[in-house]
Amino acid sequence: MDRAALRAAAMGEKKEGGGGGAAADGGAGAAVSRALQQCGQLQKLIDISIGSLRGLRTKCSVSNDLTQQEIRTLEAKLVKYICKQQQSKLSVTPSDRTAELNSYPRFSDWLYIFNVRPEVVQEIPQELTLDALLEMDEAKAKEMLRRWGASTEECSRLQQALTCLRKVTGLGGEHKMDSGWSSTDARDSSLGPPMDMLSSLGRAGASTQGPRSISVSALPASDSPVPGLSEGLSDSCIPLHTSGRLTPRALHSFITPPTTPQLRRHAKLKPPRTPPPPSRKVFQLLPSFPTLTRSKSHESQLGNRIDDVTPMKFELPHGSPQLVRRDIGLSVTHRFSTKSWLSQVCNVCQKSMIFGVKCKHCRLKCHNKCTKEAPACRITFLPLARLRRTESVPSDINNPVDRAAEPHFGTLPKALTKKEHPPAMNLDSSSNPSSTTSSTPSSPAPFLTSSNPSSATTPPNPSPGQRDSRFSFPDISACSQAAPLSSTADSTRLDDQPKTDVLGVHEAEAEEPEAGKSEAEDDEEDEVDDLPSSRRPWRGPISRKASQTSVYLQEWDIPFEQVELGEPIGQGRWGRVHRGRWHGEVAIRLLEMDGHNQDHLKLFKKEVMNYRQTRHENVVLFMGACMNPPHLAIITSFCKGRTLHSFVRDPKTSLDINKTRQIAQEIIKGMGYLHAKGIVHKDLKSKNVFYDNGKVVITDFGLFGISGVVREERRENQLKLSHDWLCYLAPEIVREMIPGRDEDQLPFSKAADVYAFGTVWYELQARDWPFKHQPAEALIWQIGSGEGVRRVLASVSLGKEVGEILSACWAFDLQERPSFSLLMDMLERLPKLNRRLSHPGHFWKSADINSSKVMPRFERFGLGTLESGNPKM
C-alpha cells in the first residue's frame, strides 16, 4: 500500500546521510527544505496508515488475532514516522524553522495513535501542539489532560509516551545509550501502541557496545527499505517464536550467540538467526556479553520463523535465581465461560449485569453481546508469591475424592541446579504440615511437590497449568503488549517439550485485583462451574486436576437419597423448609429453581460456598447440600425454639432491658462474624432469627441472592412487596426498586444489614414494626425519602441510649451507619437493671405485666413507658 512512499522516504534519508557536509555548506535554507521534504513525505505515510488503522478499529473485530496483529503493525509504523518527523524538525535550529515545519508532527495524529477518545480530543484547544506538551512538566500535563476529560488510564498512557518522546527528542536527534526507556506499565493493544515499542526509538542508531534494555513488544518485521526507520526498532526486539509468547525457551535465546557469524551474513547458505543482546532488566546477575551484530538479510522472514538456537552453557552465581520481568504479557484468545453474579458491572460497556461471560485467562467480565468490543486478552507473569492460609474442611464421608499423584513440569531454567534453589518460606502455624512448600517471591519456581497429596485438608498438587489456591499473586495494573498467538508455534513448542521445560501458560490463569472481592471468592467464582465428578482429570498435553473449590463442593455434597424428608415447617421466597433427618434432626431448605439451567446452578453452588466457610455459635450450622439436579437443597442444623418475630410479639413473655441487650448482642456477634467473612446477609429480619433459652441463631443468610432466579413467574410491570420486608430495607435499596428488577440486583451492602438490625432493635423495644397499617406505596415513599424514619424517631420515647442506637442504625447516609463492632460498644453503654428478686416491687411488677399486658416501666433509667399499642407508632 505505501511501498512507493517508503522507497521515496528511503531515498530522501540516503541523501540526508550522504550529503551532510554539503547541506551544512548550503546554509539553513537547504536544511529547512530537506526537513520539510522529509516531514511531508512522512506525513503522507502517516495519513495512509491512520486511514487503515481507523478501518481496523471500527470495521473489524478487535478480538481477532489477525486484526490485532495488523493494528500493532500500523501503530508501530505510525510511532516511528512521528518520531522521525520530530527528529527531522529538531535537525533545524529553532530560529530557522518555518511555520509549516513547526506544524509537524501533528498533535491530533499522536492522540489518535494512542486511542484517545474523540470527546477528549474535542476539548483540547486547537493551538496546543505536541512541542508545547513536551515542554510541560508531568504534573501540569496530567492536570491539563484530566481537565479535558481524559481518564486516568489515558493520562498514564500519554504520560509514558511523552516521557519516551522527550528522551528521544531531547538529544537533538542524536541517540545515546542512556536514552532508552523500558515500559513498566504496558497497555492493551486496543488502547494504543505498546510503550515498549517507543523504548526502542531511543536506542535506534546507538553504538553496539554494552548491554541494552530489551523491549518485549511484538513489533512486526517489515520489509521496509527505509533503514533508518526499521533498524533502530528491529535490533532490540525479542524473538517470540512467531506466537509472541515468551517462554523459558525464548528466555534462553536472550543469551545465545548467533549461529551465523557476522562475516558470513551475506553468504547464501541459509537464513541467519538473529537473537537479541542480553537484558539488564531480565538477567541482572549475568556477565556482560559483547553485543551481537544484527543481520540484514532475510529481514522479512524473521517475523514468521521459528529459530531453534542452541543455548550457550554458562554458570550462574551461586544461589542467584532468575528475576522474571513483571511487564511481560502474552497475547492470547479470550477463553470465555458463562457466569452469573449478584451484582457486577460490565468491563466493556460499564453497565450492570447478572448473566454474562468471563475470560478464564484475563478475568474480563462483560455481556455476551460486548465480546466483540472487548479488549485483547492478556496473560501476565505473576511476579510475587504471597501465602494464603488453607481453610480446614471436614473429611468427605459420603463422596471420597480420589486424589492421585500428578506429574510436575519443571519451571526452572536448566542453568539452575538443585543446590541453587531459593530457600522456602515457612507456612503459617495453622496450616497443614503437609502443605506445599513455597519459594521466595523472586523465585521462578513456586511449585514444588506436596508431601501428602491424599490428605483431605491438602489441596491438589499444583502444576504449571493450575493455580494452587493457597498461593495468591498480586497482579500488575496492566499487561505488556506482545505478538499474537500462532497455533503452529503452540504445537511446535509443546512438541519440543522433552528438550526444553516449557511452562504451559495457556492453561495458567492470571488473577486481577477486583474491588471488594477477596482472592478466595475469585477462585470460587472461577472454578464453581462443575463438580469434580464431571471434570476430566487430563486436559490437553499438560495435566490439570480438579480445582480446590470443586473438591470442597464434592466434600459437602449429600446424596438426596440419604436424606429423610419430613413435614414442611416454613415457606420462603426461595422455597420451602422441611424438617428432616440426616444423621440426626436437620432443616432441609428445598430450592424451587431450574437445576438444569447452568447459570442458576452456578449461583446455587456459590451460595453453598458461602455457607461452607461459616462456623459460629450464633450462625446456623451448615451440614451440606444436595447438588444433583433436580433435587437442590441446603441442609442445616434444626433450630429449636421460636423465631424472634413471634417471641417479641407474645404478650406472655417478659422483655426487660437486660434481656433485650443480651438478644441484640448475640445478633451483633453473628452478623459481625458474617461480615468478617465477607458475607452480606441481605435478608436480616426477626423471622430469620431464632431464640431458644437465651441463645440466638441467625439463618437464611445469602439465600436472598438466588430469590431472583427462583421466582420467575413474576410480572414485569408489578412489584410484589410484603409489609414485613419493606420495614427492613435501607433507603438506598428502596429507591432502586422498579418493576421487573430482580431482588438480587438491588444494592445490598453491609450498611444495609446494619439498617435492618435497627428495625430488629426497634422490635425488641416496641414489640412491633415501626410502620403499621400503611400501604406499600406509602412505606416506599417514607423509607426512601427518610421522612418516615425521622417521624418515628421524633415521636417514640425509648430513652437516650436506645434512641442513639436506633438513629445510628437508621442513618439515611449509609456511610454514617456504624459497624457491628461499634454497635457492640454502644450496647455496653446501656444502663443495666440490677434488682434482686426479693425486692418488693418485683412481685407487683410481675402481676402488673400479666394483668395489663404492658411492659415494665423504667422511669428511673429514663427509658419511658413502652406499650404494645402505642398510637404514636
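Cβ from N, Cα, C; glycine included.
These numbers come from a predicted model, not from an experiment.
Of the candidates Ser320, Ser443, Swiss-Prot marks one as phosphoserine, and that one is Ser320.
Per Swiss-Prot, the phosphoserine annotation among the candidates Ser88, Ser392, Ser429, Ser533 falls on Ser392. Per Swiss-Prot, the phosphoserine annotation among the candidates Ser297, Ser442, Ser455 falls on Ser297.
In Swiss-Prot, the feature phosphoserine is assigned, of Ser156, Ser179, Ser654, Ser838, to Ser838; the remaining candidates carry no such note in the record.
Residues Ser207, Ser430, Ser518 are shown; Swiss-Prot lists phosphoserine for one of them, Ser518. According to DSSP, Ser337 (phosphoserine) sits within a strand segment.
Neighbour counts were taken as the number of other C-beta atoms within 10 angstroms of each residue's C-beta; across the recorded positions Ser337, Asp683, the minimum falls on Ser337.
Mean pLDDT for the domain 'Protein kinase' (563-833) in the predicted structure: 83. Here the CA atom of Asp683 (active site, proton acceptor) lies 30 Å from the CA atom of Ser337 (phosphoserine). Asp683 (active site, proton acceptor) falls outside any helix or strand according to DSSP and counts as coil.
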